[in-house]
Structures are given as C-alpha cells and as structure tokens.
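Positions annotated as substrate binding site by Swiss-Prot: H123, R124, K139, K146, L147, E148. Sequence annotations record features per position, and here Swiss-Prot assigns compositional bias 'Polar residues' to 1-10. The region 'Disordered' annotation in Swiss-Prot covers 1-21.
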Amino acid sequence: MSTSETSSYTPDIPSEPVTKTTDTIHIELTPNDLDSLAATRFVRSPSAGATVLFIGTTRDSFNDKAVSSLSYTSYAPLAISTLYKIASNILTKHACTKIAIIHKLGECPIGEESIVIAVSAPHRKAAWLAGEEALEETKDKAEIWKLERFEGGEGVWRANRDGKVGERVDGGIAGLLGRIEVFADTNV
C-alpha cells in the first residue's frame, strides 16, 4: 500500500529495541543508531572462515526526486517473526554459522544506516549468497514500511523495497490486515 501523507504524521515507533536472539540468530528493530561492529561480533565464530557485512544507507534521491528524509515503521511483533524465519531459512539453506539482521525504525537521516546484515559461514561463497538473500528477503517480506519525504514536502508511504514511487504493497491493506490477524491468532 502506498499513500501520500502530510509531513506532520508520526508513526508509532518503539522507544527501545525489539529483539529476538538465539545462539545463531540475532534479529533487531531499533530506534537507535545501528551498530555494525556489534553485528559483526555476534556472527564471529571459530568455525566460520568468512564474515560478510552489508550496511544499507539512506539515499538522497529516488527516481530523480530529491529525498529530504526517511522514516521507517513496522508492526514489530510480526516483523520480528518474519525476519527470524528468513534468518533461520538462510542459515539452513546456505549452511551458515550465524546471522544478524538489524533494521532502523523511526527517522533515518540521509546517509545514515537503515539496515545491517552480518552473516558468517565456513566458506565465503555461502556467506556472500546468504547476505544478499537475507537483504532481498527482508525487503520483500518483512512488515517494514518507509515514509519517503521529498523536497517540497510531499511524502509517500511504501513498502521497504526498491521500486516505483507509490508501488502498492502486495495484497494492499486487506492483505496486511489478514497477515496481522493470522499472526495474532497463532501467537495468543
């Protein structure tokens, strides 16, 4: 779903990080600055011969339009669950050692980190493939949205993935509400 919003709209952002961590997976949605070094430390392991770190930063333009700011929001319980499933599947598929996916919520100034993904694996090819897949799956599936504000005040909410301004989220708001309902029913 995508809508134009007034610049005065403020999404509900948790004041503290929301996390889910095991020995091999760390998932975090945070209003704080992202710590790529902490993500790298988490995935470090004596059994890993490779560590891949991806740091996504906010751009100052989208489709030749000047972006003045970005703000991220999510339905945190569902997004944490989705990100954990993504990480778990990637660990198994690529025989990785550990993975961390950390995403910024709230205002994210231009040039600042919005996502950090760290992956370790016994061999570099698996780590490279896993890191890229983690990013693409996160952008495609995680319940995270961004408000892009453009120079001149116009703002557009859209899915947290590359695409066209105003690109509709699959299933629209009805699809999202259905996913939240199913999540709530299975996690009561």
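Cβ atoms are placed via backbone N, Cα and C, with glycine included.
Known features from Swiss-Prot, placed on the structure.
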residue: H123; record: substrate binding site; DSSP class: coil
residue: K139; record: substrate binding site; DSSP class: helix
residue: K146; record: substrate binding site; DSSP class: strand
Check each residue in the chain of R124 (substrate binding site) that is at least six apart in sequence and keep those whose C-beta is under 8 Å from its C-beta; list them in sequence order.
G49, A50, V52
Would you mind ranking the binding-site residues H123, K139, K146 by how many other Cβ atoms sit within 10 Å of each Cβ and giving me the lowest?
H123
Give me the count of other Cβ atoms within 10 A of the Cβ belonging to L147 (substrate binding site).
20
